[in-house]
């Protein structure tokens, strides 16, 4: 891949990935060779890219390293996330392969929200369910065995480094399983029986276990903190939703009251008009009378007279 130094400068300016002034999201200084960042070949499949990203994201996630390593982990994690964002998208990957510029690859989607993308990856990478799913797929697989033996060979039998390298490995849970895999590989001639492994002092193994126990305790405390944060965030969200719903109901209630009042005002106005009309004098000589101002229920005689008129009309129709 192209490795011109100006690409790094160009990326930081054009792709908008080095400034954190606009949205509070720290941005990494992006490496030029994204394939190298993920540790995959240029013809890697999407599954290989995704698998590499998962392993590296878990390994370098800022929430999973000591406090003095968090700043470095933040930068590394965002480099990994950026590489994944480009290489996991076919259009961006084609542009990167063609130009060798991460800036141009990133600029291919002007509406893409990089800040939101980083937040999502950051959050999802430590999601308990996501990690459990990855663990089920990975542990006991041929991929894990390959990673164990590669780490063992690369670090010449240093088990401390092996556990640091293999994703989701845990000394307390995996030591016996790892040693079975390694011993078998040594017997079959797949890896060398390094002295750091075969002659490892018992004290070193005990110290490793003790460290693992301490890390497990810290991880448990961290999990509680994260769970509490998640719970608090959920509670705040629910309260906000209830408040919004309550406001909507209140607004609807106010609107209903206004409508009801307007209807009442219109009815009062109509009744007032009827009463005003009722007070006008009828024209008609000696029969001029004043209408009653107040509506009263018609007397029984009025109902009887109306019934008689209707009966008379029916008789006339039947005779005709």
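Every residue, even glycine, has its Cβ placed from backbone N, Cα and C.
Just so you know, TrEMBL annotations are computer predictions that nobody has curated.
Listed in TrEMBL for this protein:
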REGION    1-27  region 'Disordered'
DOMAIN    33-100  domain 'J'
REGION    227-247  region 'Disordered'
COMPBIAS  227-238  compositional bias 'Basic and acidic residues'
REGION    281-320  region 'Disordered'
COMPBIAS  301-310  compositional bias 'Low complexity'
Reported mean pLDDT - the domain 'J' (33-100): 85
Tally of DSSP helical, extended and coil residues in the domain 'J' (33-100): 54 helix, 0 strand, 14 coil
